[in-house]
Amino acid sequence: MVITIKDIINIPYDKAEKTIIEFIKNKIEEANLKGAVIGLSGGVDSSVTLLLTMKAIGIERVTALIMPDTRVTPKRDIEDALWLVKKYGIKYYVIRIDDIVDSYSAMPFFNINYNIPTGNLRARIRMNILYYYANLHNYIVVGTGDRSEILIGYFTKYGDGGVDILPIGSLFKTQVRKMGDYLGLPEKITSKPSSPALWLGHKAEEELGIKYETIDLVLYALFDKHIEPEKVPEHTGVDPSIVAKILEMHRKTRHKRLSPPIPSLPWVKEPIREI
């Protein structure tokens, strides 16, 4: 069996759309919330999520927050985010986080030039803003992570990973792009290179060192076709070293996908459970 990218992207997008819309609607109703707030970056994941949420509960119940740090956020991303909310008439706010980031200079160990801790700080600041707005209006925080990013742990813990629901969490990145086409998003958004923009010039595939098409091939083989890791190269044509790297990403980031661990005491069978 040879697996190609066509096997991954050839899914019934109409059924996926319907299922996700019902999921969003049900989760908001179950929580007895009034609406939804989404962090909109101008990329394909957040744009697709915004449109699906809008379809689920109506434009009037959705707010988009555009939160650039103008020193590192590409101007094009801001423009694309603004284009989208204006096209559909979605309520939005542009909140520059430059000064909020700078306020952390009160910490004696703060250094804005450290890309990873400062980049993650930007993601966590955005999470705080989203939850402040959600608490203020009794809204749900809708996450925009896709399945590829979740499985390899390519998100900030308690940053963009800090959300209430992940509507596109069952779609690989390549599928999200096709979903964007299906929903009528322009090519300038659906084909835009993935860019968290947590620091200047930050591009996902450059940081990962692997294209998403390759990542998705390997993840699809492992998780959907249940192929043993050592046999993935012969089924996908992906180099064994790349397969090993993707698998390592998944395993090393397991903690991001789980609740914080709790020690088991001899007299406590289940420290935390639902009743």
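The backbone N, Cα and C atoms fix where each Cβ goes, glycine too.
The Cβ of Gly39 (ATP binding site) has Ser46, Ala64, Leu65, Ile66, Met67, Arg126, Leu130, Thr144, Asp160 as same-chain neighbours under 8 Å, each 6 or more residues away in sequence. Annotation source Swiss-Prot lists ATP binding site at Gly39, Leu40, Ser41, Gly42, Gly43, Val44, Asp45, Ser46, Thr144, Lys173, Ser195, citing sequence analysis.
DSSP assigns Glu149 (Mg(2+) binding site) to a helix in the three-state reduction. If you look up Swiss-Prot, you'll see Asp45, Glu149 marked as Mg(2+) binding site, on the strength of sequence analysis.
Annotation comment: Swiss-Prot describes Arg124, Lys157, Asp164, His255, Lys256 as deamido-NAD(+) binding site, evidence class sequence analysis. According to DSSP, Lys256 (deamido-NAD(+) binding site) sits within a helical segment. Counting Cβ atoms from all protein chains shown, Lys256 (deamido-NAD(+) binding site) has 15 others lying within 10 Å of its own Cβ.
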Quick one: Cα separation, Asp164 (deamido-NAD(+) binding site) versus Gly43 (ATP binding site), in Å? 20
Could you give the Cα-Cα distance between Lys157 (deamido-NAD(+) binding site) and Gly43 (ATP binding site), in whole Å? 20
